[in-house]
Amino acid sequence: MSRFFLSWRFLRDGLEQAAIALADNRLRSCLSVLGVAVGVAAVMAVGTISQGGRRLIFEELETFGLRSVWVFRVNEDKKPDSTRRYGTGFDNVDMDLMETSCCASVRRFSPVLQLKDRQFLIRVVSMYSNAQIIGVNHHYLDINNDRLASGRFFSPDDIAKRRNLAVIGPAVAADLFGSARDPVGHVLRIGDRKYTVVGVTEKKSRDFLSSIGSIGGQDSNNQVLIPYTSLQQQLGNKLIHFIHAESITLDRADAAALELTSFFERRHQHRYAYKSDTMARYIATAERILDGVSIIGLVAASLCLLVGGLGIMNVVSTSVLERTREIGLRKAVGATEQHILFQFLMESVLISTLGGLLGLLAGTLIGVGLAWLTAFPLTPSWQMALLGLMVSIVVGLLSGFIPAKRAARLRPVLALRYE
């Protein structure tokens, strides 16, 4: 017990002496504290932005269906051409075969017939909508990770019997029926045909991806979904633009894409070439970009901490020179090298700890400010806060060690003669 009290007293005395020494050189100490604070604030800001951005991006990517797989047909000479990815190469017989026997890695699929350039006018009496019209089957809602706010989705019987039904997005519902009316059960016109609204999808938020231009103009809130067979009948053809499928697991997405493209190539005797895309690839790309941004930010923060560490080393070195006679006197009356080393290390650790705490406060304010300015829910990263504080203390120890060691090794006789 007595050893504990002696250790505590030794620590307390060291802190008091360090605080007095720093107070005697306020300007120099404050500049060093500020240097460390900038580095810690940068570490915390990078962590907050990185984790917040990662969470936002993946939450919004999830609205497309994490296990989504898309298969498109490319042009006749089998050279990928993204400007011609809408075309033939799929037919209704393919859809029937896929229902019975297709691919082991595919959970479900939907043909997609997507009208471009607003081919048909959508209206209810005198109200109009510029929504996109998409023909799909009964699996599309689950594949695309959509949910219904009201009503129901299509059944296999609706698809087989080509019923004129529609499921609309919330923006379409507001445009055509207003906010007070429930659209379910009402009729809208698509071109010259009447479709009964059987469901309304929930609103999807993709504000962050929209703000960085990463969703290609798609807006699931402004879409009208109808059975693809009904849309084919209205168009007078059997056109299918592409296949939207769901893999059984996220890890099997690439396998599902390969199985689907192989299936269509065999089915059409290699007359057409196909290309595929998966949400897993978008996720991997997003992770690489975010990791790169985080690394760049952490490198910049590390440079700030390095500058702060050099500032601490300069402060402690100057303090050693100014107090050389004091060091000699203390050693002459019995102070050991460990006592002197501890005293100057306490000064450097005190500077770095104060800088770390100030940096945490600044980093938190930066995160809150960014959240307020951008309207995105960026919350401070406490893992990065703890890391930043620990790093600042380590920087203080390392920066102060060399001048503290030099002070501890001073010979009393030479130190007392120092002018």
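A Cβ is built for glycine as well, from the same backbone N, Cα and C atoms used for every other residue.
Annotation comment: TrEMBL describes 29-243 as domain 'MacB-like periplasmic core'. Per TrEMBL, the feature domain 'ABC3 transporter permease C-terminal' maps to 299-410. The annotation transmembrane segment is assigned in TrEMBL to 30-49, 295-321, 349-375, 381-402.
Between the transmembrane segment (349-375) and the stretches 30-49, 295-321, 381-402, it is 30-49 that has the most C-beta pairs under 8 angstroms. Listed as Cβ neighbours of the transmembrane segment (295-321) (distance under 8 Å, sequence separation of 6 or more from its ends, same chain) are residues 21, 25, 28-29, 31-32, 35-40, 42-43, 45-46, 49-50, 327, 344, 347-348, 351-352, 355, 391-392, 395-396, 398-400, 402-404, 406-407. Long-range neighbours of the transmembrane segment (381-402) within the same chain, counting only residues 6 or more positions beyond its ends whose Cβ lies under 8 Å from a Cβ of the stretch, are 36, 39-41, 43-44, 46-48, 50-52, 305-306, 308-310, 312-313, 316, 344-345, 347-353, 355-357, 359-360, 363-364, 367. Packing against the transmembrane segment (30-49) from elsewhere in the chain are residues 294, 297-298, 300-309, 311-312, 314-315, 351-352, 354-356, 358-360, 362-364, 366-367, 370, 378-381, 383-385, 387-389, 391-392, 395-396: each is 6 or more residues past its ends and has a CB under 8 Å from a CB in it. Residue counts of the domain 'ABC3 transporter permease C-terminal' (299-410) by helix, strand and coil are 98 helix, 0 strand, 14 coil (DSSP-based). Looking at the domain 'MacB-like periplasmic core' (29-243) alone, the prediction's average pLDDT is 83.
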